[in-house]
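Enquirer: Pasting the feature list from TrEMBL:
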- 204-245: repeat 'WD' (REPEAT)
- 246-279: repeat 'WD' (REPEAT)
- 293-334: repeat 'WD' (REPEAT)
- 417-451: repeat 'WD' (REPEAT)
Amino acid sequence: MSRSRRFLNERARGDGMKLIDERGKTSVLDHEISQLTKIRSNPHERMRHLLPGKGKEPVSSVKMLAAREGNYTGRGRFSSSDRCHLLSRYLPTNGPSVVDQMRSCAYVSQFSTDGSLFVAGFQESHIRIYNVDQGWKIQKDIRAKSLRWTITDTSLSPDQRFLVYSSISPIVHIVDVGSGMKQSVANVTEIHEGLEFSSPTYDYDNYTFGIFSVKFSTDGRELVVGSSDSSIYVYDLEAKRLSLRIPAHTSDVNAVCFADETGHLIYSGSDDSLCKVWDRRCFGTREQAAGVLIGHLEGITYVDTRGDGRYLISNGKDQAIKLWDIRKMSSNINYSPRPRSYDWDYRWMDYPEHVRNKRNPHDLSLSTYKGHSVLRTLIRCYFSPAHSTGQKFIYTGSSDSSVYIYDVVSRAQVAKLDYHQEPVRDCNWHPYYPTLVSSGWDGIIAKWEFSGTDTSPLPKKPLSRRWRQS
């Protein structure tokens, strides 16, 4: 065992954080992630000891700036943990200002990797790409092709040259973002190349195949897709063909993502209530999961990776986010959850009160976060940015029209953003600045920021609109 790993394990056992678990008992979060989070977001040890009032946290911004100018750490600059300690206290809770408003539900929100572009996908075949650096000016207005019901997902390539979008259809379309054409109407002003994810023998008009999740790999060479046929697909963009199909789950695969920059590991979440881990290096003649993450009582709506190949979070229809360490996954790949004993459909029914505090007896998750609502649609959740917060927070949309922010270690709800009048399906935090954008079924794209002042006048809420189902 390495010295750094041994140090983390000793620290985790020695000063774990007290929590109250779902059964009302005190538990200790002595897992490595609590220490990793602290290391990423605590000020430099030397700065804490030399500043007046040492040992008190958070260290004031003025004192940290004075320490930097006085070169207390011997570096003459902030470390990444100093920066995160400073920036993570300035949450994007002021506002919001309205970036855009459409007549149809907003389903997708996504910043580019460098934060210079923002993508919003709407129900009525519209996708808009905004140039953040130029005052949120619309850079590209896309009218989608072969739309069924809504845009289910979008993904920007790492080099920001291409965007892919999916719908309730077996085809993912790819758009050239870098072209000079502002209005991109599918196969009218620009070609939206179609990538086929089903056999050409299927009758498209009568086929119910749908794609719920699509993501680029870090190198931009592959796409991973989650579909309604319970499968995961990997598409090789250079070879222009499907390179892998995995019969992954027993129900719709609502969310997929690559675990890290290597592209070897894939995480998936399904309506069968399971998250699974897939290691492509270990695939032989039988394409089996490396392990199963058991804990949710209802279907998974989204998964997000921490980017380190170890940790991920999932949002579930059991009204909870769960934090996972894949090193604790079960090797029982044939595990089958018990069918529920009550009738419930999340699209139009409230979650039953008698199961709200029920716990899966085989729960393998590290921590559970509750308070938000996962109803009506596939609500998404994320880790906060590594650069500005050290991934100290988890945030999520909610069907009660709000955005919730939780502390990873303490599980406390640290902020709730109220403005929308209908469910917030997606939201995204700028990778570098304290800016968060929420997209609601009221068609509003709202921008939340830290204003730098003590006053944050809230704009008047829009009039309520008629509720839609998804």
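Cβ coordinates come from backbone N, Cα and C, glycine included.
So where do these features actually land, and what's packed around them?
Expert: Broken down by DSSP into helix, strand and coil, the repeat 'WD' (204-245) contains 3 helix, 23 strand, 16 coil.
Outside the repeat 'WD' (246-279) by six or more residues, the chain places 212-215, 217-219, 222, 224-228, 230-234, 287, 289-294, 296-305, 307-309, 312, 314, 316, 318, 324, 326, 329, 333, 335-337, 378 with a CB less than 8 A from a CB of the stretch.
Secondary structure of the repeat 'WD' (293-334) per DSSP (helix as H, G, I; strand as E, B; remaining residues coil): 3 helix, 20 strand, 19 coil.
Remote same-chain partners of the repeat 'WD' (417-451), defined as residues 6 or more beyond its termini with a Cβ less than 8 Å from a stretch Cβ, comprise 87, 90-111, 113-115, 118, 120, 122, 132, 136, 375-380, 382, 384-385, 387-388, 395-405, 458-459, 461-465, 467-468.
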